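Asks: Structure incoming, see below.
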Number of protein chains: 2
Amino acid sequence: MSCISIGDFRTEAGATLSDAHIAYHRFGHFLGDPHGGNNVILVEHALTGNADVAEWWCDLIGPGKALDTTKWCVIAMNALGGCNGSTGPSSPHADGRSWGSRFPALSIRDLVAAEKKALEELGITRVHAIIGGSMGGARTLEWTLMYPEAVDAACVIAVSARASAWQIGIQSAQISAIERDPFWHGGDYYSSSQRPREGLAAARRIAHLTYRGEQEIDERFGVQAQTGEEPLGPYRRHDQRFAVNSYLDYQGSKLADHFDAGSYVTLTEALNRHDIGRGRGGLNRALGSSQVPTMVVGVDTDILYPYHQQEHLSRNLGNLLAMAKVVSPVGHDAFLTESRQMDRILRNFLTLSQPHPLDVDSMIDYAI
Amino acid sequence: MSCISIGDFRTEAGATLSDAHIAYHRFGHFLGDPHGGNNVILVEHALTGNADVAEWWCDLIGPGKALDTTKWCVIAMNALGGCNGSTGPSSPHADGRSWGSRFPALSIRDLVAAEKKALEELGITRVHAIIGGSMGGARTLEWTLMYPEAVDAACVIAVSARASAWQIGIQSAQISAIERDPFWHGGDYYSSSQRPREGLAAARRIAHLTYRGEQEIDERFGVQAQTGEEPLGPYRRHDQRFAVNSYLDYQGSKLADHFDAGSYVTLTEALNRHDIGRGRGGLNRALGSSQVPTMVVGVDTDILYPYHQQEHLSRNLGNLLAMAKVVSPVGHDAFLTESRQMDRILRNFLTLSQPHPLDVDSMIDYAI
């Protein structure tokens, strides 16, 4: 992982983040822009993801895989506001303490603007494609509207044109779960010995139920008791659980081990503010104005970003490249777990995105 | 409202609740059992409902309405564990303090057993019909399996044969929201000056998002700001909200004003334990054994009890009377809000449930 400075960053809402940095990973080699196009693919991670895309999308990125790193230069950046290398609430402020509550609210557009600046710092002014799911899909979509001249094609996965009221509600319930943790301290807990672990775990348990299809969870767990526990005893007890609650406890605890609650709140709030239509004459006018060839992908059982939201995108986007449905009981997370379907989708996307395929052998390796 | 003692109550899991009481409402007159059938309809309320069914189902219960109280004797009981007249965690224990954490875990079967006992105390050994939605539907379904000889027909609305793992997960998230309130005190807050209001409100905000269809909520609120507030400012602030969050705050606060957190936890836990198949050879065997003519009703946009769960009931019930789908953007709550459709459904149910309609004029009014 590398890190690059993007200097002082002014947010969409008018706050300033001084001395911001963006962390990134690169896989494969940048071959320059010899013919008005290049071999860069930007992959955008989801809410609690990170820039190590070859790890969490390991079936899809690498030599010979759908995003073939012997041909493509795959770049991924940790979102601004995150906790995996880029500047976020846990990062040191100029005064030496963490930003904490002084960290401004970010929009999806802010995350994208920071990425654009970071790419420019790397000497890359355009990319062949941007691909992302969930929060990564929201950023991908904003890229096509903010910097259409810099993107040849986009693949927008499991997301909507704006936050729905239901999403804002359930995401705000997660923020509330963190804020109600006594160790949250209004976001300024970094200098104390305790972190708001329980709040973050509670947020994740709620979130996870929106990431998974209800029939898939039910087929796996049903009303089973966790092994060795008795959830049907005469009094309700925390250590006597249904199997599904043990599973959700594990998911919550795992996230609390490796993610920062402040970043979780910041990026969740950015999802609340996701709205392609803002300042662009409304949703469908904004989508209609898009000129970047865009493929839209959805999951049939997605609770969080139901498939009708991707149908809405496909009906209204100005330059629809293709539409694909992942069929899976898994729900929203299927774009991470259904590797065979995603492999086919990403290969098709790259084929459709190249009317004149790159001749890699004639290109020069530019070190970045 | 009246209240009746059912004495000491032993729960399914083996705890004892001493000196339990059940509160009930009656509308219309009981005309006895002259011909092996009678004119009693038991209406079962949902989680935070109460026995005043003519209030919350006012379009459906009353003179000339679907449940015509000039003909039928409509009885409704507050669930055991509740806080609207029946014995619950807030009720006084023999030692004068509230039950609090000493209140045992209840199952849906416990709620039904308590109702049966209360009806017997009223001198009623059978009913013509039982009707209920959501938690009321779960109780109705258990009635048909626990006391089939006492029920001529049942109408089971917006519920499933057992809790799904997803339901257990999201319901447990609500319990967790309450337990994490610093004023919860393990359930023993009744003697303190503060109640776990915030926790109960947080639970309700989550629950409400499962009671409403996501498209209905989105059509009403979208990404609108609450009037006079600016949710897109440079820093996230609690008093600068999206309209949907103001709406959810209102729902949470309203419940916290009139409902007890201990009862909320107890009844939510009863829903977690809902399982028709327990001790009966599994789900489908239990359903197949049912002999009570049962009508199943679902809502097409229900997130909490998706329609496929009612289809499962209808496929497997031993004596299916009819199946009806409420078509509405409202989601789960449609059985409370779509009065015109519910009117038609309940009228049809009563017609189908009476191969030989009652001749009310020939019957005698028994005071109860």
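Placement of Cβ uses the backbone N, Cα and C atoms for every residue, glycine included.
So TrEMBL has the following annotated:
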{"type": "DOMAIN", "residues": "A:39-338", "note": "domain 'AB hydrolase-1'"}
{"type": "ACT_SITE", "residues": "A:Ser134", "note": "active site, nucleophile"}
{"type": "BINDING", "residues": "A:Arg204, A:Asp333", "note": "substrate binding site"}
{"type": "ACT_SITE", "residues": "A:Asp302", "note": "active site"}
{"type": "ACT_SITE", "residues": "A:His332", "note": "active site"}
Asks: Give me the Cα-Cα distance between A:His332 (active site) and A:Asp302 (active site), rounded to a whole Å.
Replies: 4
Asks: Can you give me the Cα-Cα distance between A:Asp333 (substrate binding site) and A:Asp302 (active site) in Å, rounded to a whole number?
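Replies: Answer for this pair: 8 Å between alpha carbons.
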Asks: What's the CA-CA gap between A:Asp302 (active site) and A:Arg204 (substrate binding site) in angstrom, rounded?
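Replies: The separation of the Cα atoms works out to 17 Å.
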Asks: Within 10 Å of the Cβ of A:His332 (active site), how many other Cβ atoms can be counted across all chains shown?
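Replies: The answer is 26 other Cβ atoms.
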Asks: For each of A:Asp302, A:Asp333, count the other CB atoms within 10 A of its CB; which of these recorded positions has the top count?
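Replies: Counting every other Cβ within 10 Å of each candidate, the maximum falls on A:Asp302.
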